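Residues or ranges marked as transmembrane segment in Swiss-Prot (evidence: sequence analysis): 29-49, 95-115, 130-150, 167-187, 209-229, 258-278, 295-315, 334-354.
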């Protein structure tokens with residue numbers, strides 16, 4: 001579908017060599033806007049949904065003053081942050097201080113280029129899409145480190161050090177989760193990973209949700225979800241910005257839009273981790289049962305992603321913050337050994353007569 005739109009636009013401007021040469025660049029800009037604009041809207045309203053859901057879980061009202069049912073609260077928050085003065089510490093490294101937030105949010109937005117929204121709907125149908133996303137998202141930690149170092153604050157620097165150690169630790173476990181999914185799917189292409197989950201005895205019987213990867217790879221799915229919470233520095237793994245000890249971590253010296261960009265990067269990463277988990281383990285745009293195939297795939301993808309994101313919020317409302325040593329122990333002594341063992345189990349499973357992914 002994306003290719004058809006591109007070719008149609010190219011034919012319209014082909015009469016002029018100048019517009020024909022400009023069209024590919026313009027098309028890429030249009031695709032970027034088509035992803036970034038809705039994503040920023042989803043990120044803004046995720047903050048409202050989080051506050052509403054936390055309010056419900058704590059038996060209180062969430063934001064309900066700005067607009068009907070508080071629906072304009074994200075716009076009010078954004079306007080407030082836009083009007084705040086941006087203050088740089090006198091001893092901060094000026095250029096790097098500005099670069100930090102940009103480096104934090106760019107990977108969270110750029111990784112969406114390889115996410116498929118349907119069998120023929122992806123900005124870039126990359127054969128090594130999963131590898132590309134891993135490479136892009138691994139850059140995000142540099143934004144945090146740069147912000148912590150450039151702030152010239154001991155609290156910010158301590159938060160940056162914690163962030164780098166935590167994100168690198170859980171990236172290893174997530175990498176092994178990706179490797180297991182690649183093994184059972186036989187591809188790093190995210191579209192092919194989704195299509196591989198539409199095969200099998202249960203899918204043929206109309207119960208597609210029982211053929212998705214979450215069931216045979218349940219331990220890997222659980223490790224991925226918890227590692228995703230840690231990767232996005234969400235509660236209970238938010239010691240990077242632990243309010244009770246290091247104030248706001250690497251963001252302590254930021255105000256106005258600098259702080260807002262870090263905030264947006266965190267929530268954009270939540271959406272990315274959620275939709276990636278849905279793509280790898282929950283069938284992507286596939287309907288759970290054949291009787292519901294008439295519902296468009298993008299609705300299923302959005303609904304599943306919304307449920308996974310809501311799980312992030314439920315975890316925040318339920319669990320206390322872990323100590324830093326507990327977080328490191330969980331990553332290195334539990335998740336990495338578990339994923340390595342399951343890597344061997346799945347390898348043997350694929351070579352056995354009981355291989356269900358044939």
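Cβ from N, Cα, C; glycine included.
Here the transmembrane segment (167-187) sits against the transmembrane segment (334-354); at least 3 CB pairs are under 8 Å, leaving out pairs fewer than 6 apart in sequence.
Within its own chain, the transmembrane segment (29-49) has Cβ neighbours under 8 Å at 2, 62-63, 70-71, 73-75, 77-78, 109, 112-113, 123, 263-264, 267-268, 270-271, 309-310, 313, counting only residues six or more beyond its boundaries. Contacts between the transmembrane segment (95-115) and the transmembrane segment (258-278): present, as 3 or more C-beta pairs lie under 8 angstroms, all at sequence separation of six or more.
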